[in-house]
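Here Swiss-Prot flags Cys50 as active site, nucleophile, drawing on sequence analysis. Swiss-Prot lists Thr49, Cys50, Asn51, Arg52, Ser109, Glu114, Gln115, Gln116, Gln120 with the feature substrate binding site. Taken from Swiss-Prot, the feature NADP(+) binding site covers Gly189, Ala190, Gly191, Ser192, Met193, Gly194. Summarising the annotation, Swiss-Prot assigns region 'Disordered' to 445-473. Residues annotated as site 'Important for activity' in Swiss-Prot, with sequence analysis given as evidence: His99.
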Amino acid sequence: MSILLFGVSHRSAPVSVLEQLSIDESEQVKIVDRVLQSPLVTEAMVLSTCNRVEVYAVVEAFHGGLSAIGQVLSDHSGMSMGELTKHAYVRYSEAAVEHLFAVASGLDSAVVGEQQVLGQVRRSYSAAEANRTVGRVLHELAQRTLSVGKRVHSETSIDAAGASVVSVALGIAERKLGGLGAKTAVVIGAGSMGALSSAHLTRAGIGKVHVLNRSLARAQRLAGKIRQSGVLAEARTLDRLAEVLTDADAVVSCTGAVAPVVSLADVHHALATARRDETTRPLVICDLGMPRDVDPAVAGLPGVWLIDVERVQREPSAHAASADVAAARHIVAAEVAGYLAGQRMAEVTPTVTALRQRAADVVEAELLRLDNRLPGLDSAERDEVARTVRRVVDKLLHAPTVRIKQLASAPGGDSYAEALRELFQLDQTAVDAVATAGELPVFSSGLDAGSGPQGADGPSAGPTPSAPNPSAE
């Protein structure tokens, strides 16, 4: 078994494709359950954000697992496999681990170094764990990933500027409006992104905030927090959107809705009612939703500036300092090496355990033979003989078993477990029983980024009629 990643992100696809693939929280369980219907997939979890849709899975065979995941995403998005392949990237084994570590560290984000993605990884893992779709392999990977993300943010200055998609978008809005002080803003969505937007607006000196949400209670809670910061805030339901837009200078929307919540008619009506245009009072709309919350046609209205995720990516403040990025990548590389060393060591552990069990069985058999040959041996003498024999066996096995774990943990050490089984004629069934009993996880590794496995399942991750083409991101 090994880890397979199938993904599409802002680096490989335009927003229109990400919109089609977007998976909201209510759909994630269904997507994972469909992926797990394949007998070749044993564990799976989905990471779906404004910038990416990625499926991480533990698979028995590369091409079969890849085909199963690709087909589920193709059916979900309505895209043909060929269309999906154009924008997809695939990572396998070591490369999948490295990619997830980099994602959690903010290295693959639209705004490099942002911390929100670490929370998104945590929520994706928690959801998969609650649904029992992650086992030992993805559990350990997710736990290590969260640790790596925290380490990068604590040991580097990659997030020193506190940049995020929200902060960069509002920074653009602030420039367009000549500052946000005493301005009126509309925040659509009262979730985590809405709260983050409100915090940035408050720090920027915004004069008033309208919070809109489907649930009025959630909008009221967020509005209450804003008022505690000394800023005027009102809560509204979404059907009041056209009304509040007439007085808005800036709008931030990130709802996760499957269709636009801000229509061309809404914005046109607001501008016409207030007799606003580009010169009298411009309107800046930050659409941070995925799928998009704002009808793209809004950008064609005079006096409206539409800022989306693609625009945010082009902003200089979305890119961290090269030295900080290099430091973060160094940590990720070291963590990947450490993780894989631990997994390789874990792979040989069941064999070592089986060897020690074989030795214990031999000792017990010989002690029984001794009892039959020397029935007059008293219990004290027998106990001393038993302790002596066990000490001899333990001392003989200690150094080689410790050393073989060290050798197996190094790159290219995959063959040591097999050599040990061959030398001591250990039954593979016994070794498998130890591994299945939960001693330590077994992990198969050994692929470079963007390449497929060598062996029975196929020579490479090249394109096939039923599987997407693994490509460099």
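Using the three backbone atoms N, Cα and C, a Cβ is placed for every residue, glycine included.
Fair warning: this is a prediction, and the values are worked out from it, not measured in the lab.
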Just going by other Cβ atoms within 10 Å, which of the binding-site residues Thr49, Asn51, Ser109, Ser192 has the emptiest spot?
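Comparing Cβ neighbour counts within 10 Å for the binding-site residues Thr49, Asn51, Ser109, Ser192 gives Ser192.
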How many neighbouring Cβ atoms, not counting its own, are there within 10 Å of the Cβ of His99 (site 'Important for activity')?
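Step by step: centre on the Cβ of His99 (site 'Important for activity'), count other Cβ atoms within 10 Å, giving 25.
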Going by C-alpha positions, which of the recorded positions (Cys50, Ser109, Gln115, Gln120) is nearest Gly189 (NADP(+) binding site)?
Cys50
Return only the integer: C-alpha distance in Å from Cys50 (active site, nucleophile) to Gly191 (NADP(+) binding site).
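Gly191 (NADP(+) binding site) has its Cα 14 Å from the Cα of Cys50 (active site, nucleophile).
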Tell me, which recorded positions from Thr49, Asn51, His99, Ser109, Gln115, Gln120 are within 10 Å of Gly191 (NADP(+) binding site) if we use the C-alpha atoms?
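None, since no candidate lies within 10 Å.
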Could you state the CA-to-CA distance between His99 (site 'Important for activity') and Gln120 (substrate binding site) to the nearest Å?
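Cα-Cα, rounded: 15 Å.
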Using the recorded substrate site (Thr49, Cys50, Asn51, Arg52, Ser109, Glu114, Gln115, Gln116, Gln120) as reference, state which further residues of the same chain have their Cβ within 8 Å of the centre of those residues' Cβ atoms, listed in sequence order.
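What remains near the Cβ centre is Gly106, Ala110, Val117, Val165.
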Just give me the nearest neighbour of Ala190 (NADP(+) binding site) among the binding-site residues Thr49, Asn51, Ser109, Gln115, Cα to Cα.
Thr49
